[in-house]
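Per TrEMBL, the features are as follows:
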- 20-43: transmembrane segment (TRANSMEM)
- 50-73: transmembrane segment (TRANSMEM)
- 79-99: transmembrane segment (TRANSMEM)
- 186-205: transmembrane segment (TRANSMEM)
- 211-233: transmembrane segment (TRANSMEM)
- 245-264: transmembrane segment (TRANSMEM)
- 270-292: transmembrane segment (TRANSMEM)
Amino acid sequence: MLENLLPNDYLPYLEYLPDIRVLVNVAIPLAPLYTYGTTCWGIHKRKTSVGYSIDICATMLISSILRILYYFISPYELSLLQQSVVMIAIQCVLLKVSLAYRPHTYNPDALSDTSAIWEQLETLPPITLVPALESDSVLTVSKNVLESYAKRSIQVAAIWSQYVLSLFDVYYKRPGLFWQWSLERLYWRFLQIFTISFTALTLIFRSSPLYGAAIGGIGLFVEALLPLPQIMMIHRLQSVANFKVILLVLWLSGDCLKLSYLFYGTDNVLTVFFAAAFFQMGLDLIVLAQYLHFSKQDVEMLPTYELPTIKPSQMRQTPVPSSY
């Protein structure tokens, strides 16, 4: 294409230009180093990890480990495999830095219990069908019964949704205090057990298409939940401090690349993969809306100072040296 646009005198110099495909294959594996590396530097510079959700580390580590194992079942682009390896390395560093600069007053036992959410089920009023049963119309009775149970189903679903969201909220305790431990060694122990367990399962069921679809689906689903902890963190703090916009750019770019690959790069893709990709993009757009809102709010909250008015007569006259 360039040969048709450039003069013939410039054609010999084209061979010195790098191949675009080579640049892309180099840029993709190294992208996490810059994006999450800047986050590491920002936390180290501020001496605090408040505002950054370490659940992102858990999400990326789990999904990257599963993605690497999935490569041995169904090989994909080598650059994506290299990216997963680099991602694990930088996420381990980020986890180490985040835990090092976590507030010393952090105590997981002081987090709120989710029992208050389940207590809402007990406070729901009982379903009363007596007025409906007094009606002579069977159609009216059926309609009232369906409306009563539909209303109750919506109430129960809302409480369940609140509980699921609380699992991604740092304000609430999780079962077993998962990824909320106060001891750093518990994080590394979990990663070791998780890696060894799924590696053994992959060696055993490597030839099983069902296992391959399961491990690929789990990895994609976990990665789709990546923005959710940050959404809850920003909503809780009402601020985007310590959250780097480059992460959001990486997430949105990854969504576009993932959807492009699913639509044009492969065949026989399960519907669940499309659902997970669109779900993750929706969450990323929520983070984008939060960032635009709270970044503007943070700027407005910056302290401003009004300079005193100086009259011309109060200005000090500086003598100008005479030139020789």
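Numbers run from 1 along the shown chain.
Note: Cβ is positioned from N, Cα and C throughout, glycine not excepted.
Nobody curates TrEMBL annotations by hand; they come from automatic prediction.
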- Message: Ranking 50-73, 79-99, 186-205, 245-264, 270-292 by the number of C-beta pairs under 8 Å to the transmembrane segment (211-233), which range is first?
- Response: 50-73
- Any chance you could find the range in 50-73, 79-99, 186-205, 245-264 with the most Cβ pairs under 8 Å to the transmembrane segment (270-292)? 245-264
- Closest-packing stretch to the transmembrane segment (186-205), where packing means Cβ pairs under 8 Å, from 50-73, 79-99, 245-264: 50-73
- Note on the structure: Given the transmembrane segment (79-99), its same-chain partners at Cβ distance under 8 Å and 6+ residues beyond its ends are 24-25, 28-33, 36-37, 39-40, 43-44, 49, 52, 54, 57, 60-61, 64-65, 67-68, 71, 184, 187
- Note on the structure: Long-range CB partners for the transmembrane segment (50-73) (under 8 A, at least six residues beyond its ends), listed in sequence order, are 39, 43, 80-81, 84-85, 87-88, 91-92, 94-95, 98-99, 102-103, 168, 170, 179, 191, 194-195, 198-199, 202, 206, 211-212, 215-216, 218-220, 222-223, 225-226, 229-230, 232-233, 237, 239-243
